[in-house]
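**Q** Pasting in a structure now, in structure tokens, and then I'll have a few things to ask.
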Amino acid sequence: MTSFLKLSLCIAFLYTPHAVDTKILEQHLGLACACVCAKAQIQIPHEYFEILYVLHTDQDKGDGNLKYILTGDGAGSLFIIDENTGDIHVAKKLDREEKSLYVLRAKAVDRKTGRQVEPESEFIIKIHDINDNEPKFTKDMYTASVPEMSGVGTSVIQVTATDADDANYGNSAKVVYSILQGQPYFSVDPETGIIKTALPDMSRENREQYQVVIQAKDMGGQMGGLSGTTTVNITLTDVNDNPPRFPQSTYQFSSPESASLGTPLGRIKANDLDVGENAATEYSISNGDGSDMFDIITDEDTQEGIITIKKQLDFENRMLYSLRVEAANTHPDPRFFHLGPFKDTALVKVSVEDVDEPPIFSRSSYIIEVDEDAKEGTIIGQVIAQDPDTTKNAIKYSVDRHTDLDRIFNIYSGNGSIFISKPLDREETPWHNITVIATEINNPKQSSQIPVFIRILDINDHAPEFAKYYETFVCENAKAGQLVQTVSAVDKDEPPRGHKFFFELVPEFAVHPNFSVVDNKDNTAGILTRRNGYSRSKMSTYLLPVLIFDNDYPIQSSTGTLTIRVCACDSRGNMQSCNAEALLLSAGLSTGALIAILLCIIILLVLVVLFAALKRQKKKEPLIISKDDVRDNIVTYNDEGGGEEDTQAFDIGTLRNPEAREESKMRRDVIPETIFQIRRTAPLWENIDVQDFIQRRLKENDLDPTAPPYDSLATYAYEGNDSIANSLSSLESLTMDGNQDYDYLSDWGPRFKKLADMYGGDDSDRD
């Protein structure tokens, strides 16, 4: 027998399905015990722990001289060898999903010499898979949606689960899908994991959310296989499978007849079980006796129909209207037409409420034409208004004077006839726009207005006249028949056939010796010379009266006078000079002489003005030349007196006692040379009223011959003495010899008790 290391696999398998067939090994190796050659592959269950591998060589005599050594993947950690016997143990749990193949090398050496007794042998250990991993889904939770009313078998979503076990070894990794929750609405394909609808015509309106639990089981779904689950949340999306429906068949609304156009009367809504675009509804009026009086619009936000007024309502004309309103989906789905019409109708009744309305005119406006020569009081037209209410209140008419400030027109309040109050003039105002007011007599708050446009028709009451002022001249060397001026005319009137003017000389000058008038038949005329040559020295200016008349009825005419000056012209007829200077120059008076004469006149005027000014300076000087003149100076005293104890600053008692004033005091409003004595007047201090006192003083001042000729300020400070209690003031105490007795204050009652306590009593108390 050849000498080589033999691996004896005396294996005690606890996992018998993977036991090695020793008879086959004996046939190949000729050994009583199964041995493996230098390279061998050993397959073991990947979770087997108590497996014993035996390495043995023929050189081992059992005396312990040989030592077995194991190297390679997992040697010393996963696989441990008994160096004396060659037994190999698995030290840890094996995991094929972590590592499925191990390469090991074994050798035997002499303990004493350390020499390897046989060549090193290599063997491979492959880990067999067992079903120790359950299937796992790619997501813990799935979300999907499917349209409602979908047919059976409609695909919803596909779920996927994976198994970490070896797919090539047995059925450990073969996954089968099944549904645990969600039946009978949904099903799942056991091989692909595709979830499908299982019931027809599922309605979102009945139920919108579904939760489906899917199981994935390995081992082909056989008993004992491992499994995993996932949850799928399925939502039914909406389709337009429901028509709009009105919750009631009849609606009632009311509106006052005075409501303006476009006023909303109310809202109606047809409910649609669908959502979003599928619930969009459009409203319309299909028929009814009020279809032309009302309109309906759709509120896009609330999906409501808003009924509005289309034409003005009139209670007296009709009190009740009926409308047939239709609501229809704007986006119907043809797939569901078989479910019925996707629209609904409802009856809407609108009642009109009566209100007190203002008068209504027979027209929206009036246009009246009147000749401008119409007499005052002439009726030019009539406006008519009536009360639209059933009461038919009486109406009175008036003119809004803000539109007729000149009061040219007036109106009869009873029948609305408009008449003229003042003369008309079309040339001044061709149109008058006034406003007429109609008011109910029983209810003045109800009124209405109407514009009245009055056109003033023209009559031929103005005569034509020259279109402008013409500056006409004729040359001294003019020839007979020469045109010197073309004139035209204007007329303030406006005849219907247009203007037509005629020109001729006035009858007194029908045959003018110097000029002639030729009518051009186009509303113009030419002025021609009738002789050769004109002389400025003999006649510098000619006046030519021209008669102008129109062609209207009655014919109006006027006379316009042309002023024709004689001028010096050159040989071509261009004017050179027409003024008087040229004549003076021809007489020998130069321009310098004229300027000298003008300067002399100016100097004389200046001297006269200076003389007059000097004469005025010798006037009498003013009466008051003092700096203290009250007209020119304001003296301000900002001193504060000492009260009634201040007896030195000013004797104020004089103000309160007119008899104490100074006997003689000079006036300051006259010059010192003429001093008048102050007139004495009778004493007025006995029982006289203050107002009467001031009036008398004012009269005396007005009649005073010494009063200044300008305005002056006279101040009167006088307090009457009519009070029964006399004066309570202490201002006059300075003019009295003794102390004032205030004991009488105690007799005046409780209101004066405080004063009696303050001023009454003994002198010692007051001290």
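Keep in mind that glycine also has a Cβ here, set from the backbone N, Cα and C atoms.
According to TrEMBL, the record shows the following:
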type	residues	note
DOMAIN	51-137	domain 'Cadherin'
DOMAIN	138-246	domain 'Cadherin'
DOMAIN	247-361	domain 'Cadherin'
DOMAIN	362-466	domain 'Cadherin'
DOMAIN	466-583	domain 'Cadherin'
SIGNAL	1-22	signal peptide
TRANSMEM	582-614	transmembrane segment
**Q** I'd like the per-state residue tally for the domain 'Cadherin' (362-466) from DSSP, helix first, then strand, then coil.
**A** 3 helix, 47 strand, 55 coil
**Q** Within the domain 'Cadherin' (138-246), how many residues are helix, strand or coil going by DSSP?
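**A** Helix/strand/coil tally for the domain 'Cadherin' (138-246): 3 helix, 47 strand, 59 coil.
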**Q** Quick one: DSSP breakdown of the domain 'Cadherin' (247-361) into helix, strand and coil?
**A** 10 helix, 55 strand, 50 coil
